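J.: There's a structure below that I have some questions on.
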There are 2 protein chains.
Amino acid sequence: MPQRTVYFVSDGTGITAETFGNSILAQFSAKPRHVRRPFIDSAEKALQVVQEINETGVREGKRPIVFATLVNREVLGIVRSQCQALVMDMFGTFIEPLEEEFQVKSNHRVGRFSDVARSQEYHDRIEAINFSLAHDDGQSARNLDQADVILVGVSRCGKTPTSLYLAMQHGIKAANYPLIPEDFERAALPSLLQPHKKKCFGLTIDPDRLSQIRNERRPGSKYAELVNCHYEVREAETMMKRAGIAWLSSTHKSIEEIATTILRDIRPDRLIY
Amino acid sequence: MPQRTVYFVSDGTGITAETFGNSILAQFSAKPRHVRRPFIDSAEKALQVVQEINETGVREGKRPIVFATLVNREVLGIVRSQCQALVMDMFGTFIEPLEEEFQVKSNHRVGRFSDVARSQEYHDRIEAINFSLAHDDGQSARNLDQADVILVGVSRCGKTPTSLYLAMQHGIKAANYPLIPEDFERAALPSLLQPHKKKCFGLTIDPDRLSQIRNERRPGSKYAELVNCHYEVREAETMMKRAGIAWLSSTHKSIEEIATTILRDIRPDRLIY
């Protein structure tokens, strides 16, 4: 099957073009080649990328698809007029109706991330990452009262990546705390968590999947054994149910989906800003 | 000034709608209120969110703006026909021309993240997060040969968040290694890094900013003193220059911008997939 290439062209990082373009492409079964071309912020760079795109089209015998998030008018003009490609001008398409709605002209600022590095919001994100790292896997009980969320669950159910994602993308101070066999023997939530039950959120996982993940880490260990995984998951779920902690299964969910559910369920305020 | 609200409505996480909507809104100086409404995947939920949106419009005296990434046709139909709002139908707008280009109908799959949790790509992302955590701040010298990138620089210049971002968003195994006063006295790159120079990338930072950040952590310490920060930054830059390591300054850059530059400069292959 002939190859076809999709370009994400931006005068910023191109992350927006790529995120949005990929979610549109997910609607098609075709698997084109993806190329991101960030920081295309001058006529010279525009001409270079246009040449690359046009050569690709000739080579593949199919015109490329270009998702463009270009604020720079000159660059956008070159890409629109000279690319032998299907150009999806993502900003232009939506900015005009918004200018009409707001009754103001847009200010052509390049990049969603420009100048953010010194903003309070950015500072809070970095602080949240530091907090989540310091409170990974129950490492520290200090300042748990400052946590926005405390993820609980058995070892290797997805707590760490979810905490880091919540911190990095949403500036959420997300601690995570493992539930371990000793807790199950005592049949009680770790005492450190007792005062913070309201901000606890549980993750669980299919025991077969857990066993598979643990076997990658410690092949053949009791820790990874299917029967042990069944035991731990069952005990953890019982404990969370008794403590009134909401939980979800990470088995078929990405960290993005888990994080969004947690926000919706225990910090709906953070979906409004 | 009257408030106005922007809604991000999706039958998935709404992350795409929010990312894209925000980069468009960044073109305007208005600062509307943001509300994300994820998982709107049934007629019932659609009617509920439409009611919320319409009530908001009445209360604020300005019609809300709705960025919608809705694959579900029924939900999209309800939102489009019943919202008293400016509805930006992000999928519809771009999917039709693509259907024509590909000469196939789209398959209306909800959510860019659906079913990804068991894909190889997702597995690699999680592995990369684990790797980056294990190799944070020079913690481990094991398997450095497996790193895709090794970030170097003085303490608190932004290495850790950048490594985690590279891992989480791009599945890049990013180790990070601090340059410390002992290295400057020896006037040599840490010996562990010598065999891996080609995949090293440096971060530097404005000394005033560094002193400010370090003072938040350890107020009044020699570590945070401006004169010491000047010394460390100067020595680190000299060392990176001598070793032929490319670097950039994190002072005015977000982790997204830093990560994109690193990819472009030392792993351009990872912008193509």
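Placed from the backbone N, Cα and C atoms, the Cβ positions cover glycine too.
Among the features that TrEMBL reports, ADP binding site is placed at A:GLY153, A:VAL154, A:SER155, A:ARG156, A:CYS157, A:GLY158, A:LYS159, A:THR160.
Thinking about packing and proximity, how do these listed features fit into the structure?
T.: Taking Cβ-Cβ distances under 8 Å and a sequence separation of 6 or more, the neighbours of A:THR160 (ADP binding site) in its chain are A:ASP136, A:ASP137, A:ASN176. In this structure, A:THR160 (ADP binding site) is part of a helix by DSSP.
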J.: Using Cβ atoms only, which residues of the same chain lie under 8 Å from A:ARG156 (ADP binding site) while being at least 6 residues apart in sequence?
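T.: Those within reach of A:ARG156 (ADP binding site), by Cβ under 8 Å and sequence separation of 6 or more, are A:ILE205, A:LEU210, A:ILE213, A:ARG214, A:ARG217.
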J.: Which one of these binding-site residues, A:GLY153, A:GLY158, has the sparsest Cβ neighbourhood, judged by other Cβ atoms within 10 angstroms?
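T.: With the binding-site residues A:GLY153, A:GLY158, fewest surrounding Cβ atoms within 10 Å: A:GLY158.
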J.: Inside 10 Å of the Cβ of A:LYS159 (ADP binding site), count up the other Cβ atoms and send me the figure.
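T.: Here the count is 28.
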J.: Which of these binding-site residues, A:SER155, A:CYS157, A:THR160, are close to chain B by Cβ (under 8 Å)?
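T.: Near chain B - Cβ to Cβ under 8 Å - we find A:THR160.
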J.: Sort A:SER155 (ADP binding site) into helix, strand or coil using the DSSP assignment.
T.: coil
